[in-house]
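Participant: Just dropping this structure here.
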């Protein structure tokens, strides 16, 4: 269960940007999570709420967009959805020369800021 | 009033940065790290004991860092090979991250070291996501774990530069289906080499050491399909792994667990440990040159 570490990384990164930009509260964080990124969005959602407590992100919503995996064999010019568990062998040549065009993303896409804190502490 | 900012940041960017820095530091001193992933009980420690002993016999300067949730048992076993060993206790954390490893390597890793073996926490899920700055990632699996393990844990197997099958001496007894296993490995990681080993029979012992030394000497590693990604938002490592950022706070960093600041020079010999501190039954059978050394222990 490394989703807590992932959530903490998101909170830390967004919090740092908030500080740089003088934003006082974050309303929404949007993530792209590839289906092969090894992260469970529901577990991440749970951890995110915990990681946000007492930070500028407290009360922020997490919106996760799952990015489907796509593999491509360049020499064959074939692209396919590897599925789960992924089949990364080229369906045309049976070779191992493919690359993963998408599916391992773990990115903060964008963040929505509120001009005033959503919560006051103390 | 709300405003939206496009961030487009990799969540694990900070870990990636630490991993890149550590990889560069190690390369600059002529060393590489080998990241070893497996489930608990797959035989990582037994294999590593053999590889470390062989390295010592051959005069190859190696070191090992082993991470567990608790106990120093693995470090005690590895230290009997007579090479520098460091135990890291995660106090429950399921994986280690690059910044942690970098912190432990600094000031500890002997200058001559060529290979640093990192025995990751026994777990096939979480450690797979974290680049530790290794130049060779090895995923191990024993014949008792089932042929479909690579399909159940595609991250761990799909990102490996090398796969090691362990405990092959009991393959027949447990009905291990080698062909199915190899097919499953090839599905998630086509082209990866699979090494067959048995710490008990000696099969394949020394191959890991050879592969690691080859990488250290500049040989190209297998690049898994899963690491050949089309994202361009941050740097890729030599092995194509991308690691996450570290934000977990460590407590008691550098705590030295009753061993003082004992460090392990390559040739250092400690007196034999008292019987109560020698947990392994065949301790007395070890040649004197492989006497038990106290490993360094850290907690966070």
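These residue numbers are counts, starting from 1, taken along the chain as shown.
Backbone N, Cα and C atoms are what each Cβ position is placed from, and that goes for glycine too.
Heads up, here are the entries from TrEMBL:
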type	residues	note
BINDING	A:2	Ni(2+) binding site
BINDING	A:73, A:76, A:90, A:93	Zn(2+) binding site
Participant: What are the non-local neighbours of residue A:73 (Zn(2+) binding site), defined as same-chain residues 6+ apart in sequence with CB under 8 A from its CB?
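Facilitator: Correct list: A:79, A:90, A:92, A:93, A:95, A:97, A:98.
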Participant: From the binding-site residues A:2, A:73, A:76, A:93, keep only those with a C-beta under 8 angstroms from any C-beta in chain B, and list them in sequence order.
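Facilitator: Out of A:2, A:73, A:76, A:93, A:2 lie under 8 Å of chain B.
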Participant: When you tally the Cβ atoms that lie within 10 Å of each candidate's Cβ, which of the binding-site residues (A:76, A:90, A:93) has the highest tally?
Facilitator: A:90
Participant: Kindly assign residue A:76 (Zn(2+) binding site) to one of the three DSSP-derived states: helix, strand or coil.
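Facilitator: DSSP call for residue A:76 (Zn(2+) binding site): coil, neither helix nor strand.
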Participant: Residues other than A:73, A:76, A:90, A:93 within 8 Å, Cβ to Cβ centroid, of the Zn(2+) site?
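Facilitator: My list of surrounding residues reads A:74, A:75, A:78, A:91, A:92, A:94, A:95, A:97, A:98.
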Participant: Can you give me the same-chain residues 6 or more apart in sequence from residue A:2 (Ni(2+) binding site) with a CB-CB distance under 8 Å?
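Facilitator: Listed in sequence order, they are A:39.
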Participant: Return one of helix, strand or coil for residue A:2 (Ni(2+) binding site), based on DSSP.
Facilitator: coil
